[in-house]
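First the structure, in the form of structure tokens, and then the observations on it.
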């Protein structure tokens with residue numbers, strides 16, 4: 001059966017259609033979920049896409065976490081359903097407390113827009129389960145506030161529990177421990193700054209986002 | 001009572017502040033050689049209605065912890081004064 005992925009749309013989101021297109025190109029079903037509705041319409045997985053939710057006012061993700069849809073996303077996460085936050089979506093998930101740590105302004109105040117190498121640091125996540133451990137994927141980043149930080153105890157826990165999912169081969173933003181993506185304690189919530197949905201065809205410069213999003217579809221199928 | 005409030009949101013001690021660092025690096029070109037330790041935050045002004053200053057402070061502390069700051073990277077200094085009756 002085809003798996004349905006819900007893609008959350010806040011005022012100011014701007015990567016939702018790319019995610020929908022990417023999921024459909026891989027044979028999944030995708031639908032948009034407006035932030036003001038606390039109903040996920042029975043989707044098997046949720047993606048919180050990139051953009052500038054609520055204008056990034058106050059802090060990226062600070063206001064988005066109070067949108068009604070986030071209550072439903074938190075419930076899906078609590079029940080073990082796969083939830084992936086990409087870029088601004090990662091910021092939203094940290095602000096909502098579904099992932100630890102925070103995303104700071106990039107080192108040197110540098111806006112980074114480039115295709116970067118990502119090492120698959122753990123395959124025990126819904127986004128990397130069908131990747132080769134240690135594989136290097138070429139995926140674009142496009143952000144100003146993507147420098148991951150957390151306290152020492154959290155970092156120790158992330159490392160000890162194999163929860164750093166993706167690492168930059170060459171750190172573009174000053175992220176702690178070269179972290180590009182992490183997962184939750186239950187492993188089903190993943191946040192990453194890079195955009196796998198923008199790397200789904202060689203025509204786009206890379207198709208290395210495919211194994212990541214395919215992992216998500218496969219995980220959704222198992223969980224249902 | 002009504003209070004005028006100033007909330008200063010600041011990067012926590014030990015948290016890097018690339019904005020402050022960039023400003024600081026530009027200062028010598030302008031001849032400001034003695035200005036150091038530049039940190040950039042934001043100022044939020046509001047008014048609050050509460051029975052007394054302690055209650056107002058407690059509510060603002062809560063507001064800062066839950067919304068106005070991200071406690072992982074920021075803290076806040078709250079100052080307030082009673083509004084003058086007109």
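Note: Cβ is positioned from N, Cα and C throughout, glycine not excepted.
What TrEMBL says about this one:
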type     : residues : note
ACT_SITE : A:87     : active site, nucleophile
ACT_SITE : A:195    : active site
ACT_SITE : A:197    : active site
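Residue density at residue A:195 (active site): 22 other Cβ atoms are found within 10 A of its Cβ, drawing on all protein chains shown.
In the three-state DSSP reading, residue A:87 (active site, nucleophile) counts as coil.
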